Amino acid sequence: MLKIILPTIMLFPTTLLSPQKFLWTNTTLYSLLIAALSLQWLHPTYYPLKCTTQWTGIDQISSPLLVLSCWLLPLMILASQNHLQHEPLTRKRIFITTLVTIQPFILLAFSTTELMLFYISFEATLIPTLVLITRWGNQPERLSAGTYLLFYTLISSLPLLITILYLHTQTGTLHLTMLKLTHPILTASWTNILSGLALLMAFMVKAPLYGLHLWLPKAHVEAPIAGSMLLAAPLLKLGGYGIMRVTLLTGPLSNHLHYPFITFALWGALMTSSICLRQTDLKSLIAYSSVSHMGLVIAAAMIQTHWSFSGAMILMISHGLTSSMLFCLANTNYERTHSRILLLTRGLQPLLPLMATWWLLANLTNMALPPTTNLMAELTIMIALFNWSTPTIILTGIATLLTASYTLFMLLATQRGTLPSHITSTQNSTTREHLLMTLHTIPMLLLILKPEIISGLPL
């Protein structure tokens, strides 16, 4: 564990001491090296936890998410180069330092086996994200987006802290391995239903559940590209991961708690998909599609069967890669046209034909084309939900249909149609952007061949 965390922390001196000429090269290559090292976590094991220290341990649920967050750091640095090129050197350094600060906290949050440390690192990721959005966003609305993010997260996570302390007084330990061995403390009394609600609420806001999702489109639209990728991939997954961890703890809590969440999640998947069909703003559209995908993850994590957990894991990883790639593509459009409005950026295919290929690939994976892991995940979740309750097939079926239609709408709106008259000249697409898309696509395509390493089941 330390052999990843320590190099990640050593990215600080690398960033602060690299000469101007080598700043981007050094940080990108170094973080890519860390990402390559982290791949060893995907090795199957017979033990319940691997790489254990006294306070961390990696199992099948956390290892894919850890590798995903390590993998996305170099990609975030790659994606941010263009919009920082006119900034002074110190600001570039501060920007990369902010990105690097989040990384150890995310790694800790995903790998810790102790609930208090998990809470601390879960909350600590908030501060650098807030700095990213409110300092490097594009519009003045970024301040209100930051306020939304801060207050939604804080209000929902204070009850979580209180419940964790309550659990500690009840059992005397907060180690996950120990808690699994004790009897489920939360039985069906009202106190315990409320503590279960408090445990889940923080993660429901982070994931986000439909109804608690209002901070997400705002934050995504205002964030710089690195902030968007960071929110879409590791931070949203913290919510899903927390739900999977906590539902295992609370034991078979009463249905009073689970039914509303599953209902909201599935209804939200349907609602946000139909909101996507009426979006004018490209980044907002991708943000809402994240809400609908995470709705499926929440519903799957709430019914707590092996199949649903496996489906939720695969969907979290593949959605992390796909939506991050879509945000990068939206950003390449934004850097050329300086607008996120779909009407003003249409018809770009004849201008940037190779970018159109990446758009097609990303959109096909987003709407779950057959060989992709997205399809495998959605099918697994649907079957698990159908097995749990038959009528859910109506909701999930309509949500799938709407997902396909808004994805095609996004593809047609950005790539097809007549070119708007105000676009007279555009930059060509650069090698850096193609490399960025390739590094998103390669894991997606390779995971098709061996999806069991991200399925969250002990191999």
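In case you wondered, yes, glycine gets a Cβ from its N, Cα and C as well.
No curator has checked TrEMBL annotations; they are predicted automatically.
In TrEMBL this protein carries:
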DOMAIN    1-108  domain 'NADH:ubiquinone oxidoreductase chain 4 N-terminal'
DOMAIN    113-403  domain 'NADH:quinone oxidoreductase/Mrp antiporter transmembrane'
TRANSMEM  21-41  transmembrane segment
TRANSMEM  61-81  transmembrane segment
TRANSMEM  93-110  transmembrane segment
TRANSMEM  116-136  transmembrane segment
TRANSMEM  148-167  transmembrane segment
TRANSMEM  187-205  transmembrane segment
TRANSMEM  225-244  transmembrane segment
TRANSMEM  256-277  transmembrane segment
TRANSMEM  284-303  transmembrane segment
TRANSMEM  309-329  transmembrane segment
TRANSMEM  381-414  transmembrane segment
TRANSMEM  435-454  transmembrane segment
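Contact between the transmembrane segment (435-454) and the transmembrane segment (225-244) is absent: fewer than three CB pairs lie under 8 Å, with pairs separated by 6 or more positions in sequence. Confidence annotation: the domain 'NADH:ubiquinone oxidoreductase chain 4 N-terminal' (1-108) carries a mean pLDDT of 92 in the model.
Residues 122, 152-153, 156-157, 159-160, 162-164, 166-167, 212, 215, 238-240, 242-243, 246-247, 249-250, 253-254, 256-257, 261, 298 of the same chain lie 6 or more positions beyond the ends of the transmembrane segment (187-205) yet place their CB under 8 Å from a CB of it. With pairs at least 6 apart in sequence, the transmembrane segment (225-244) and the transmembrane segment (256-277) have fewer than 3 Cβ pairs within the 8 Å limit; the two do not touch. Here the domain 'NADH:ubiquinone oxidoreductase chain 4 N-terminal' (1-108) has, by DSSP, the following mix of helix, strand and coil residues: 79 helix, 3 strand, 26 coil. The transmembrane segment (116-136) makes contact with the transmembrane segment (225-244): 3 or more of their CB pairs lie within 8 A, with pairs spaced 6 or more apart in sequence.
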